Ligand SMILES: Nc1ncnc2c1ncn2[C@@H]1O[C@H](COP(=O)(O)OP(=O)(O)OP(=O)(O)O)[C@@H](O)[C@H]1O
Ligand SMILES: [Mg+2]
């Protein structure tokens, strides 16, 4: 599932890396923010409780002090008795407002009441305005009015560095998530890469069987699977090789018997059939071998000389093969395998078109290209891929004249894969087929 739902505008990221990172980062950031606000709330709550208790004692002693002072000295004490959230006013204050109904004001008013109300009867009223504010009115023992003007504040303002710390925490959290997700998805990437490189020669890189337990177990299972596949392939090849080997003797015996047959026309037909059986058996074993890759090690070769020799051999055999262009440098390739691939392509051109043309060049990306061209019937677009499959032969080539087993291109494709080269078939302008082989050149 790549999206949450097809109609939803929210897209679930496609990679496992992004999904895990998203879940972890969002989850942890939410949890972190939630706990930050809970801590702040708890801190404000205990600060307010502390301040309420403090106001109760402070106000009680300040009122007692003012009461004991001679009236003319009281005014000069007022600034010293004022605090961040309240001050004293000598006078009746503003008594127009209603009883305070805000929770904080009520708590402070109650606490002031608890400190002084048993000695000084008091009234409390809110003062309307932009900030929460209320006044407590009372009379000192000489009858003079005193007002406590209070602007209650909850908790303590946040320090300037706190948001910075929170941001830093979120950054550390993000980095940890990134690391953890990378650690979790890295082995998957390596596994996919190893499975991708498992080519026809079944010689993929072995995964290191180390690291966390789950990863090591997966790597072990992958390596074991790779070994099993190799073993099955080897067995298949051995069976094919054994059958071929054992078939050769009865075929040879049959040929000898056919040679001494009286009926010449039947004998010729049987000889033809036996020849086809022999070539089928030979090609079969070659295909089985190439399935296992080529055992031949790549060597630095002069491809121009190799192709020229091949062309000379064809000309000597009376075939029409032309060569143009050159590579002009060395190639790293297994020579026998390369010869076999080019040979199979040239054989096809000769078989289906009567003649072949080899064009050699170097592409802009530095790859050497060997094209085998002909002006024969070509291959229909829809069969260009299918003819690479083993034993696939097109209708018009299924006649006795052309012969063949349908393994030539399958073998060529297997060998090119093992050589890390590419082999493709293309239509030619004006009819015919181009088989294009592209190989890496050496530096
Ligand atoms: N140059 C070509 N022109 C036309 N058709 C071709 C050409 N090359 C290949 N084909 C078609 O592709 C089919 C498969 O080719 P492939 O070389 O694999 O087998 P084959 O030539 O039939 O037998 P062999 O195993 O002897 O090579 C052929 O049977 C033929 O129909
Ligand atoms: Mg062929």
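Just so it is clear, glycine is given a Cβ too, placed from its N, Cα and C backbone atoms.
Note that TrEMBL annotation is computational and uncurated.
Noted in TrEMBL for the protein shown:
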DOMAIN    182-234  domain 'HAMP'
DOMAIN    242-443  domain 'Histidine kinase'
TRANSMEM  20-40  transmembrane segment
TRANSMEM  160-181  transmembrane segment
Taking a Cβ cut-off under 8 Å, which residues six or more beyond the ends of the transmembrane segment (20-40) line up next to it in the same chain?
-> 13, 158, 166, 169-170, 173-174, 177-178, 180-181, 184-185
Tally of residues which DSSP labels helix, strand or coil - the domain 'HAMP' (182-234) | 37 helix, 0 strand, 16 coil
Averaged over the whole of the domain 'Histidine kinase' (242-443), what is the pLDDT?
-> 87
